[in-house]
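Lifted from TrEMBL, the feature list:
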REPEAT    80-111  repeat 'WD'
REPEAT    121-162  repeat 'WD'
REPEAT    163-204  repeat 'WD'
REPEAT    205-236  repeat 'WD'
REPEAT    251-292  repeat 'WD'
REPEAT    293-334  repeat 'WD'
Amino acid sequence: MTLLHSHHSPHPQLCLCLSLFVVLLPMGSRVILLITALVVICVATVNEEAAECLAQDSCSSSGPLSQTRLRVQRLQVVSFIAEAGDARSMAFSPDGSLAVTGHWNGTVKLWRSDGRFLRALHGHAGVVLSVAFSQDGTRLLSGGADQTARLWDVESGQEMKVMRGHSGMVVSVAVGPLGDSVLTGSSDRTAILWNASSGEVLRRFGDHEQALLCVAASPDGAQILTSSGDNSTRLWRGGRNETAGGGDWKLRGHKGWVVSAAFSTDATTVLTGSHDNTVRLWSASSGKQLRVLRGHEHDVLAVALSDDRSLALSGARDGTVMIWDTATASLLRTIPGSRHVDLVAAVSFNPDSSTVYLGLLKRTKPKNPGEQALAECKTRCGET
């Protein structure tokens, strides 16, 4: 880490803090690990109280720097960059130790967070559009253009179950809180909740008029979120109920497609990201909109909440990542895109929210005309 020496000046000094920025660049089966120091201006032209506050970690919410801002400025940022002409989807394990990528050629690849390639998982017959880990990190789920979802054992790489039942591409997947159920959303306009062991359909959600774009399951298993190209987003109660009419709540507020969503760990709130460039926070018990987070200039493609719900993380199509205070809807930190990055495919906090993980894709053209046609189809469906 670089040591910054103080500069002598007749003017009040700027307080600078360093946060570790790690970039993982997959190169075939290898990953280049780049570590740089990201310098963030913590305070502009402040008095000695601010410097003491930083040194002693004793800022009050009304002081020059709040504890929340200090916490955010000290976050470690780990970024995983993949070529979009190769990788199509990405996710991190809940503890941040693993990353998974889904690829245009149907391969699923598993990586360690230090950038070490572990293994490739084969089974899909087409592009892998969505990937997700179970909450304990022992299993991962993938969904693809071959209309299937596949459940894998992380340690062995063994394919555990194939879910067949959709008549369209599986564009979004999630694993239930106990790992005994999985959720899929498809271009056939339905979402399905499955028994992870038997592959049996537990419940089908079919109230949308266009392709599903996003699905999410609450950590307590009591609620499911679905969003569609018809601009509707719904919260459903009782995930395993046999019947499913209209969603119990319609989340009203977004002016564009909702393509990303995350529940808080206590299942009380939901965070959504949309093509209207906004991030919104909702009550999971009433469907009421709580906060609107404005600042992105492009489609918001990935969102996450910290374990205590105090911070929201969002990533956009232009590669920009923003960190927000959920209590005030204020923007605390912006991590700009770079020449390496064209869009953000995944974002995540580690369990103690001391580190954020960013899954980044560098846009390239698909490798053949068939993939180009599929990419154009997905663009029309609202997918990245």
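Glycine is no exception: its Cβ is also placed from the backbone N, Cα and C atoms.
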Taking every residue in the repeat 'WD' (293-334), what is their average pLDDT?
97
In terms of Cβ proximity under 8 Å, which residues at least six beyond the ends of the repeat 'WD' (121-162) contact it?
88-95, 97-98, 100-110, 168-175, 177-179, 182, 184, 186, 194, 196-199, 219, 371, 374, 378, 383
Please list the DSSP helix, strand and coil residue counts for the repeat 'WD' (163-204).
0 helix, 23 strand, 19 coil
In terms of Cβ proximity under 8 Å, which residues at least six beyond the ends of the repeat 'WD' (293-334) contact it?
40, 68-69, 71-73, 75, 256, 259-266, 268-269, 271-275, 277-281, 341-349, 351-353, 356, 358-360, 384
